[in-house]
Every structure is written in C-alpha cells, then in structure tokens.
Amino acid sequence: MGSFQSLPDDHPYRTLSQKTGFSLEQIAILHNRFKQLSQNEETLRRDDLQTIQDLESNPIRYEIIEAFFDKRNFQKDDVGSVDEIGFEEFLTVMSYFRAPAHNITEEQKEEMRRAKLRFLFNMHDTDNDGTITLEEYRHVVEELLSRSGALGRETAKGIADAAMLEVASISVGPMAPDEFYEGITFEHFLKILKGIEIETRMHIHFLNMDTTVFCKHHSA
Amino acid sequence: MELKMFILVLGLLVGSGSPDIGPNQGKCSDSLDPGPQDQGNHTLTPQSKKNFPVLSFGYDHVRLPFEISLWVLLASLMKLGFHMMPRLSSIVPESCLLIVVGLLVGGLMKLVAEVPPVLESKIFFLYLLPPIILDAGYFMPIRQFTENLGTILMFAVVGTLWNAFFVGGLLYGVCQFEGHRLVNVDLLSCLLFGSIISAVDPVAVLAVFEEIHINELLHILVFGESLLNDAVTVVLYHLFEEFSSVGTITVMDVFLGVVCFLVVSLGGIVVGAIYGLLAAFTSRFTSHTRVIEPLFVFVYSYMAYLSAEVFHLSGIMALIACGAVTRPYVEANISHKSHTTIKYFLKMWSSVSDTLIFIFLGVSTVAGPHEWNWIFVVATLILCLVARVLGVVGLTFVINKFRIVKLTSKDQFIIAYGGLRGAIAFSLVYLLNTDHFPKRNMFLTAIITVIFFTVFVQGMTIRPLVDLLAVKKKQETKRSINEEIHTQFLDHLLTGIEGICGHYGHHHWKDKLNRFNKKYVKKCLIAGERSKEPQLIAFYHKMEMKQAIELVESGGGSKLPSAVPSTVSMQNIQPKKSPQDRALPQLSKAREDEIRKILRTNLQKTRQRLRSYNRHTLIADPYEDGWNEILIKRKRMMELEKKISQMNNYLTVPAPAPDSPTIARARLASDPQAWGLKSLTESIPTIKVDLASPQSPESFNMVDEIGKKGSQSKASEEEDGLTMKVPSMTKPRKDKTANEDDDKEPQQRLMRCLSDPGPAGEEDEEDEPFLH
C-alpha cells in the first residue's frame, strides 16, 4: 500500500537523486525542510531564509543566502542572480555539501574538490569577473570580523592586504614594481587552498532519517 | 675527543655516586657533632687535641639531594652524549640508548657491591611522570584531538579492555595448561597482569614517535590513546587488586566497575578543568608580577594531578584537561617571556624526566628481583603482540564505518606497531603486594621483557618501516593567513548551511560552544580588552610577530625567510589609480595630527595608571621630559623609514582606533609607561637591559642608526633591569605594535623584537606536543 502510493512521489526524486547524488530519504527530508522554510509554497525567497534564527549570529549570512540565489551554482552555466528558487535549485546548492562517497576514484575526488572550491570562489567573486579583487577580498575579511566593531574594519584592511600579498607571491612569484596583480583567479585560489582538504572538510551530515517530522504523511 | 672526555666524566660521576661504601660508613664525619674524642680525629689536623676543624667531610646530610643531582646530571650528560654521535642516534632511538646506559650503570653499581636504586613507584608517579604528561597536555593540538576523539576513545577504552582480557584470559589458560610451577596463578592475578601490561605507555610512545615525525593524524591517534587509557588501567587495576583478596567477582562488581570507570575518567577531567580555570583566572591578574606567571601554570597543574590522585581518579586525565583548558586563556594573558619560560621549562623537565625514567628502568632491571619462567614470559610477549594487532584491526573495521577519512591498512599497521609499553606498567607491577601476588617477581620479569622488546625491537624498527611503507610524514608547512581566513569562512559557512537544513549538527554545537566561550568565559578569564580580540586578528598578530622575529634573526637583511618574498610589495596589489608612491607612504598632515591626538589621549591615561602602580615603576615621570624629544625623533625616523619599509611590506596594519584593544592591551601590560614611549623611542636601552638576548651585529647596528636620544629617559631603568621591569620592558607576546603609523611599524617592531628575541623560528610551534 505504502510503497505503491509512494512510487509517483519518488519519480521526481529519482531524477533529482541521480543529478545531485542524495539518497531518496535525504531528498524527502530536505523537501520537507524546503516546504517549512517557504511556508508551503513552491518557491523560496530571500526573506524566507533570512528569518531563520540560527543564521542571526552568523557573520556571513548574507553571502550564504546569496549563494542560494546565485545562478552560477545551479550547474547550468548561467550567470546572474534570481529572486526565487525552486526545490531543485535548493537541492543543487545543498549537494555541494555532500561528503565524498567511500568508493570514488581519484578523478571523481578531484572533480568534487574543484566543484566545492568553485562554490566558495563564487561566494567571494560577487561581480563574476572571474577574479577576486582586493576590494572583494577586503569585503570578505571585513565580514568575518564584522563583530569586532571599529577595530575589525581597520585591521581587516591590513589582513586582506597581507593575504593578497601572499597569494600574489605564491601564484605569480616576484613581480616588478610596475606590474599589477589583478586579483585571485580560480587557479590561484585552488593553489592557495591546496593545504586544506576541502572535499572532506566541506561537508555536513545529511540526515537519512527525519528525526523532527515524520516524512511521507501526505495524501493517503 | 669530546666523546672520550665524556666517558671520563661519566666514570667519575658514577664513581662518586656510590659513596656508601666509603670512608663515611660507620663514622660521624660531621664536624658539628659533639661526639666523643676519638671521632673527632677525622679532621685533617694531625694533632691529638681536638682543634678547630678547618676542612672536614660531611656527606650524610647532603646525601639525598646530592645523589638526586648526580642522577639528573648523569641523565643530562647522557643526552648530550647521544647527540654527539649522530650516526648512532639516527639508528637507535634515544630511549633504547638510555636503557642500555641504565643497564651499564646498574651493572657497575652491582660490581661495586652496592644496591642500585630501583625505580620506586612513588617517585615515578609523583615526580617523574607529571612533567611529561603536563608537557603533552599543554601542547596538545586540540583541534585534531577533538576531531578524532571518537576514534581515540574507541582505541583507548575498548582496545585496552580487549587487550586486558585477551592477554589475561589466555595467560591463565597457558598457566593452567603448563602445570606444575604455574598452576597456582589464579585468574584474577592473570587478569590484573593483563590489564597492567595492555596499556600503551605515553612516555615510550612520545619518546619514539617524537623522532619519526609521522603525520599528525597517526600521532594524535596513538598518543591520544596512550593518554586516555590511563583511566581504564586505573579502574581495572584497582578492581582486580581489590578482588584478588576477596577471590571472586560478581555481576554487581562488574557494574560497579563500569560506574567507577566513568567516575574516574570524568572526575579526573573535571578536576583538571577546575584547576585549569583557576589557573586561567589567576593569570588574569598577573600583569604586575610577570616573573611568577609560569609558576602558576605549573603549580596548579601539579595540584590537579595530586588532587586527582587523592581520590584515585585518573591523574593523567586531570593533568591533560588542566593543561588543555589553561592554555588558551593563560596565553592571552601572560607576557611573551613567560610563555617562553613555560614552554622551555616544560620541555626541560619532561626531557629530564623521560631520560631518568629510561635510565632507571635499565638500573631496575639489573637490580630488581627476577624470576624467569620461559613459558610465561614468551607467552606474554606473543599474546601482547597478537592482542594488539587483532584489537587494532577489529576496531578499525568498526571505526571506519563512521569516519570520513578512513584509516588505511598502513595506518593500522603503524597504530598497532606503535603500541609500546613502558615504565608505567613496570611501576604498577612494582606496587603489587607480594602477599596477594606471590608471583609478582615473575610478573616483573615478564613486564620488563615486554617493555624491552617493544622499546628496542619496535622502537628501532619503526623508523625504517615508516620509510619503507612511505607513511605520510608530518608536514612542515606553516599555516598561512589565507588558509586561516578560508578555514574560518568555511566554519561559518557550514554552520549556516546546517542552520538552513534545520538540524543541529556538529558545526552548530561547535559554533555555540565558541560563542559561549567568547561571551562569558573569555570575559572572566582574560584580562582586559584582549578578551574581545577575534581569532583572526590574534592569528594575524601572531604571524606578524613571527615574521618580524624571523626577520631580525636573519640579520635584518633583505631576504625574508618566510614564504612571502619581499619582491611583491603593496604597490603590486593596489589598484593603479592610487599614487605611485603608495608603497612608501608619507605621513600626511592630517595623519600626523591624528597620531598626535592618539598619543596624547593614551599618555594621559597611562599617566593616571602610573600613579596607582607606582610601586613598580621606577621612573619618575618621563613624559613631560621626553615628549618633545619624541616629536623631534619622530621626524628623524620618518626619513629612516624609507630604508626599513623596503624590507617588510607585509606588515602594514593601519592605526588602531584610540581605544582599541591593541592599545588598551599594551596599557594593561605591566609596562604602562613604556607604551607611549615605545612607539616612538627606539627602546635602545630596553635592548641593553635585556641581558639574555643574543643579538646579531647587524641588527644592533640598525638600532644604533636610529640614535640614542631616548637613553636619558631610560637610563634610570637600566640598573634595575633585572627586576620585574625586565619582563615588562618587552611587550606582551601578542601586543602588536599598537601604534599609529604604518611605516614606522616595521622598524619599531624590529626594535621590540630585538629586546625579546626568544627562541628563533620555533615560536610558531606552540601546538607541538613533542618533547624536544
């Protein structure tokens, strides 16, 4: 009874599952969450995400919310940002945070790493010119230090400058005084974050079983 | 040549160290002793009447400290000796060599027909073990430890239990099987023996793993296991010892044992944490008595250990908890020199302890009562190895289901192979009561054999095996500012995503803990404004400090030892529209005024503080006098800045706001009066005052260049340099320059660093748990 009933529901999930790599249960749970956030509407808006209480104290909440509405993250080779997203886009963004499966090859691991780093890069590169300029980087550091008031803003500049210098010297090497370092490109970005194992660190644990709400209690 | 001198000195030491059977025996050599006439004849004066003794020999009353010092000296000289023989020390780990030395010394002493001192358990547990554990706990890398906590606990608790029961049970079987001599070894004795011998020993592990530099994951796994299994060992030991007198164990006892385990381990941690918080809280107020800051850390930690031992809780866990809790808060409060002192004292003590332990182990082997039983000993050895391997493989199989980064078979091999036994097991057996355990000597022999085997065979071969198996080594790269920024960013990102997903995962709780820490705990425990300093800024300041120190240490030349070559300068990354001389910023008028205003406000504040802390300051009031000089000198410095700014453009942090934590921190540092002066005067006298600092000639020349105008105002301090003023002269460790001018920073920082060079290049290794 139940399984026959759920088959039509699973069909859209199946394609989603293949596309994003989540399991069917995980998709169901995330769908519930989506509905909860969007107040049972079909699309999610920025305001819906802004009302989440846990995000209040997060210094980079605007960037996080923006990332959900950034077309570059929808894996469709599109640019720009939208005002509302559907469940598919929501899930696609979430899929960046999946843990690598146990038995993937080195190439798949490398691919996953690039995808995750691309996501991070997009978060910083707000004007989508392919580089993270000094201004954008400064903005990032300022946000991180946004809780420290005046001191944060002052020192943020210095820290961002220092970090930029470091990237420049690692990526480009010695530069003549009249050369100008445009910004951090994606390749440089990959280089400086080589030391951090992104594919394992950038993941959250997606539940397989919904502990808060019982799933599949719709139409009997 | 040096080697021969060494051996000579050594021989002398050993010879003088066995004074018991000497002329002292059976006479009172104390010239103060108003004994009978004949005993006074030991004076060197030849007359029969008792003259005033010019030179006499009194050994008894200094005997104990003398012998202890002799042993410590022996241990230290041994350590020196090994490093003079590089070939030997690269093949054989130090611990092995030390045991051999101990054997030799023990043998020597036996030859002289003297009783060699045995490693008494009391001495071991109360004096020799704590420094090593404290050193390990204080420098424990918290992040990796907590990330792998589940795995470590599995190995420590389940692994040790498995080992204990496997070895104990099968040994009992072997004993029963063997018959005649061993048949009366009962099950409880065997289980007790099994529980003692199954615990991986932190001292041995540290000593060996120290030298092989494997990657941090493996290191923290084996090392963490060796520390946490102490609780299990303590509980099992007491359990079996208790019941060996009774004879049987019921289910109730097992249940109580489990409860006891929880109490012992959690209790130990709680006790340690309490003392740690006390130490942190105390350090908040030590800004005026910097010299005794390290003492608080040591004494509180030792008290934590002793308090835990009073209640038979796990002293090791208490010590670890105390060190780990104390460190982040204390380090924010104490001065740079205190930090260095703590680090070096801990390393020194743990090093000496470690050496002494191994030497004594060798000596005790020669001395201790032995009972050799081939079957028992061999069975023990084999069972230990087998149990370890099986345990590790089995547990890893289970653990890998829950880990993201799996443990490969190479890792498993190293973990199994790194399970060394050491002196703790020996001491625990030594404590056994011979009445309850008639076979104690046999146990002792077996344990010593296992220890020798693991330390010698496994210790020696682990290094070539690590190379052979191409196990990942420890990465020497330092953390860069970019990595730090992005790691923090990632943390926040993950927390945010978890919030959006709606479930409270691991990041959420970590974030909550951090916020709680920042909001409440840091406010209590960290002095002044430092409590608000975000981690990123603290990290950045630390890095700058290191950079500056490196720069100075390298002679202030044009080559920066760090990864940031000075060939990329600010102008390369600034947008082109800014003026070309951006790299060499001049002080604009507005800036100058701003600076002046900042200085003035701060000087006023510091002047107020001066009045209340007059006891400690030794200068009348330099401000009125020095102020004009300061202004004049500043102009001169601006010219000199051009030279300096070339060297280090990395360090450009804009002026902090007037009441910023940086400035306030400097204020609260024990040297309020030097704050204002320091930023402008070159602190040359400061450098002179610090007698301990080695200075490269070039750096000193650079200092000279700046001029000696400030010397008058500081002259009065010089003679008092060795008092508390000295530590206060140097800025607190994280006291960034706290000044108002970008360009002046490099050279000022240099100045300040000259007065507190500290250990070169190792400043960053604060997380190092290594002994050396």
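Keep in mind that glycine also has a Cβ here, set from the backbone N, Cα and C atoms.
TrEMBL labels come from automatic prediction, so no person has curated them.
According to TrEMBL, the feature compositional bias 'Polar residues' maps to B:38-47.
The compositional bias 'Acidic residues' feature in TrEMBL is assigned to B:761-772.
The feature domain 'Cation/H+ exchanger transmembrane' is assigned by TrEMBL to B:73-466.
Annotated domain 'Sodium/hydrogen exchanger regulatory region' per TrEMBL: B:563-664, in sequence order. Predicted-model confidence for the domain 'Sodium/hydrogen exchanger regulatory region' (B:563-664) is 52, expressed as mean pLDDT.
Annotation source TrEMBL lists region 'Disordered' at B:24-47 (among others).
Taken from TrEMBL, the feature region 'Disordered' covers B:707-772 (among others).
Feature annotation from TrEMBL assigns signal peptide to B:1-17.
When Cβ-Cβ distances below 8 Å are used as the criterion, the transmembrane segment (B:94-112) is approached by residues 14, 18, 21, 74-75, 78-79, 82, 88, 204, 207-208, 211, 354-355, 358-367, 452, 455-456, 459-460 of the same chain, each at least six residues removed from its ends. According to TrEMBL, the feature transmembrane segment maps to B:94-112 (among others).
Here TrEMBL flags B:124-140 (among others) as transmembrane segment.
Here TrEMBL flags B:152-174 (among others) as transmembrane segment.
Annotation source TrEMBL lists transmembrane segment at B:186-208 (among others). Tertiary proximity for the transmembrane segment (B:186-208) is limited to same-chain residues at least six positions away from its ends with a CB under 8 Å from its CB atoms, namely 93-95, 129, 132-133, 136, 160, 163-169, 171-172, 175, 222-223, 225-227, 229-230, 232-233, 236-237, 240-241, 243-244, 247, 249, 316, 354, 357-358, 380, 384, 387, 418-425, 428-429, 432, 437, 439, 443, 446-447, 450-451, 454-455, 458-459, 462, 769-771.
Same-chain neighbours of the transmembrane segment (B:220-240): 133, 136-137, 141, 144-145, 148-149, 151-153, 155-157, 159-161, 164, 188, 191-192, 195-196, 198-202, 205-206, 209, 253, 257, 260-261, 264-265, 268, 312-317, 320, 411, 414-415, 418-419, 424, 428, 769, counting only residues six or more beyond its ends whose CB sits under 8 Å from a CB of the stretch. Taken from TrEMBL, the feature transmembrane segment applies to B:220-240 (among others).
Residues 157, 228, 231-232, 234-236, 238-239, 296-297, 300-301, 303-304, 307-308, 311-326, 330, 525 of the same chain, all 6+ positions outside the transmembrane segment (B:255-279), place their C-beta atoms under 8 angstroms from a C-beta of that stretch. Residues or ranges marked as transmembrane segment by TrEMBL: B:255-279 (among others).
Residues annotated as transmembrane segment in TrEMBL: B:313-330 (among others).
Residues or ranges marked as transmembrane segment in TrEMBL: B:351-368 (among others).
Residues 150-151, 154-155, 158-159, 162-163, 166-167, 170-171, 174-175, 178, 182, 193, 197-198, 406-407, 411-412, 415-416, 419, 421, 442, 445-446, 449-450, 453 of the same chain lie 6+ residues outside the transmembrane segment (B:374-400) yet bring a C-beta within less than 8 angstroms of a C-beta in it. Residues or ranges marked as transmembrane segment by TrEMBL: B:374-400 (among others).
Tertiary neighbourhood of the transmembrane segment (B:412-431): same-chain residues 118-121, 124-125, 129, 155, 193, 196-197, 199-205, 208-209, 214, 218, 221-222, 230, 233, 237, 357-358, 360-361, 364, 368, 384, 388-389, 391-393, 396, 440, 443-444, 447-448, 450-451, 454-455, 458-459, 462, 465-466, 469, 471, selected by CB-CB distance under 8 Å and a gap of 6+ residues from either end. Below 8 angstroms of C-beta separation, residues 202-203, 206, 223, 227, 297-298, 301-302, 305-306, 309, 315-316, 319-324, 326-327, 342, 346-347, 349-350, 352-354, 356-357, 360, 423-424, 427, 766-771 of the same chain, each at least six residues beyond the ends of the transmembrane segment (B:124-140), sit close to that stretch.
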